[in-house]
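Below is one structure; the comments refer to it alone.
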Amino acid sequence: MPLSPTESAAEAVGAVDPVDELAPEPLTLPPTPQPEPVPGFPVLASTAPMAGALALWAITGSALSLVFAAFGPIVAIASMLDARRQQRRRHRRALAERRAALDALEAELARRHAAELGRARATAPAARELAAGAPGAVWRAEPPSSLVVGAGAVPSAVRVSGAPGDDADRELLRRAARLEQAPIVVDPAGGIGLCGPGVLVRAAARSMLLQAAERAAPGAISFDVPATPEWSWAAVLPHHGRAAGLQVTDAGATAARAGDPSSAAWRLAIAPTEAELPPGLRTVLRLEGPQRAVLIRRAGLPAAAVVEPELLSVEEARDAAARLAEAARRAGLDRSAASLPRLVPFESLPQPVRRPADRTSLSVVVGATADGAVEIDLVGEGPHALVAGTSGSGKSEFLLAWLAALAMVHPPELVAFLLVDFKGGAAFEPLRGLPHVTGIVTDLDETEAQRAVESLRAELRHREHVLKAAGARDIARLGEGTVLPRLVIVVDEFQAMVERFPDLAPVIGDIAARGRSLGVHLVLASQRPNGVVREQVTANCGLRISLRVLERGDSIAVVGAEDAALLDAEVPGRAVLARPDRRPVELQSAFCSLEVLERIRDGATGAPARRPWLDPLPARIDPTELARLTGSGAVDGKSSGGAAPPEPGLVFGLVDEPDLQRWGLACWRPGPDGHLLVLGAPGSGRTGALNAVAGSFADRYGAEAVMVAGGPRSAEWDLLDAELRRLRAGMTVEARLLVIDDLDARYRAWPEDHRFSVVGTIEALVREGRAGGLRVSAAAVGAQGLPAGIREGFTTSLHLRHATRGDLVAAGGIGALWRAEEPQGAGQWRGRRIQIVDAPAPPARPAPAIEAWQPLPGAAVVSDSVATDVAALRRTTTLEILPLSASTDAAHRAASRVGGADAPIVVGDAEAWAANWMLLASMRDHGTLVVHGGTGEYRTVVRDRRPPPLLDPGRGQCWVLLPGAEPARRLWPGTA
């Protein structure tokens, strides 16, 4: 039976020879059973009995004999029906026998077709079948002469003889003559074109490319594929070198090919439409769907064959390529890996010659490939770089070698380094001392991370200002007179930094977007950058270097191929380099020894580069250093405004200003700022802060202007009382500073009356002091522990370390600046970090001497310990001492002598004096009243709501009240 035009085209394209090697016996179509003639009606057999019956009736005259006349037709009809039944049975048996013969023929036909198809597929296996076998099992030393483009119907070698009896027979003969799903092969030498939807044509191209890789050994053929993510899987294949090449051209790819089209032996071109395919292709496959394609032989044949194309997914191709690469390594056929050295000494690499004042390049040699030294340019191929590598892969050594090469080739006025290491700083320590290194930043805490954000943003603003002032659009156009080196920011363990401090990610993204023109370049190193580095950043990382990684996905995310996941773990420094519009290459990074680094460091010339990263505030600030900085002019704080010059500030520490890339001077202007309250947990350095403020005040106004609330209680009481009296008397001075430490707990142990009184005094001093030239600086654990009147009087606060973040926020501080561990004197001042200067305590003023009470005749003594005081008085005076009791005898004797020269000194407790109140009144009018006890005794006998002068703890002091005078504090007789 002749084939259709489509089938003829399939045969012409090139199907596998279906000759049956076993040469089985021919097949025959069983003949169709013919129906037998239908038997006629037996007329004689039916009429003979009728004649006999008539004769019998004539002879016998019996009518019963006529019944036999009916037997003839009945028997005749029955015989006819039986004959026809036997005929149908024989015909059915013949049909069943033919059906069985046809089934056997069908089974044999299927068996022979399966064997024929198996031989065809064994001769021309498809890519998926090749991948299912052992990798490299069918490698040959020459390129393949044919490629399978899909499966289709081809003429079969099976032949069936016999004449068809019906349409089913004709269909069987047609099927016998066709072999379905047979491989259709083409010769790649003439070029193959694939057109259609991009997903389908790339899947078909992957199938053909892998067929060539499975059938040709490494070295027998090489592949040249587009440098795009769609073809990154092919970079793993071990087929590379100068052998005959199969070049893939992708009209839909976004990047150019790496090779020259004229250098390829075969071409595999793909395009959306047939018109977009390059001319001269011998074979074109137009894909119309996942299971339908039209194969065209471009040799004058107008007919087209419908085939089912073989499509491979990226995952299938990647897995197959990885297996082939591993097989090549095991067989020693991966010539590129074998030719790479295991160690490349840094000093053995020739570095490029730098052009003077060249801002357009940072080109250096960092390692070697099979073809020689590898030169990378962070400016031309960047502007940023991504470096990946698991622990032990040699990532830190690669970064060291790269930075060492940059430092050796380019001076610090053209390039500077900022090194951030989240592994503790040991990796970059050998580079310390290079003038290019502006700072080595180790593990950050939350506050330092915020400083990093502000410092980097400040550096970007600084560079924008320099470029604007120079009238340059980017750093490459700056003149030689402008000093602005390119800044290379290297972050080791970038993943750890971003996971711990996500606020840094937007800044890194900003640098990635604007760094090219500003001359800021990122080198981000991580063990697993996949999913950590934002797309905004990776899109600007033109340089991709991946040392060995553990997951294929990590390798693909960095270099666009799986190569880095297949690197030898026993060779540190082995890496895969991916650059824009180039195929990834395997290299061995340079190893820079400590001796070489030391020579580079010793040979480096030029002034140290400007520091873009401000160091944290020191834990201790010497007063002389602060004095030097005070003369430099940087001062924080707010201007008082107006025409008059602002009040000079009192400098007491350094503030951290990373957004301005400097340390500022913390100063307090008592006039416009108001009273100062220092808040902080115990041990936070509150006393030191007060000392620093007092010292600065004393330097400005003199030591006499500083009053420190301290020493004996009595002296502190007198100091506060005298200052309040001075204010209320209208006695103003230029400036006086009152210093009170532990304001919230200082007076808790004082007697209740005096505690309430001193709180009122301090509240009045805070409220009224500013008008009279008094400035108050105090310290407390928390402002909430202070009375409202005092708390509201302090308008400026200095926050030192607090126990918890909540305590700091409740006290009015900024929670983001809280630290659990801080040195003494560290805190925040007006929204910035501060470190207080180490200042000595103000010199202590001697406590005023307290006059001793001299016992006089007629004195009335109110005592809380009568016997003790009587004994003490008798030891110190010869005057008569008369104890007072509840009885009236002593009272009468004392009353009779009141006002006389021989009047006795009467000593009694408050109860006794209350019982003899007339005697007490008489003695107060004519003599001295002495209270030797507490405020309870004083209130009982004096009846004054105002508290008397505060006595120091113990019984060494007393109150003395003379007629018409205020109570006075005196030493009790016998007290040293």
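Cβ atoms here come from the backbone N, Cα and C positions, even for glycine.
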Segment assigned the feature region 'Disordered' in TrEMBL (from 1-40, 601-640, 921-960): 1-40
Binding-site residues (Thr390, Ser391, Ser393, Ser396), the one with most neighbouring Cβ atoms at 10 Å: Ser393
Least surrounded among the binding-site residues, given as Gly389, Gly392, Gly394, when other CB atoms within 10 Å are counted: Gly392
Other residues, Cβ within 8 Å of Gly389, Thr390, Ser391, Gly392, Ser393, Gly394, Lys395, Ser396 Cβ centroid (ATP site): Gln527, Leu547, Arg548, Pro572
Where Ser396 (ATP binding site) sits in the secondary structure, as DSSP reduces it to three classes: helix
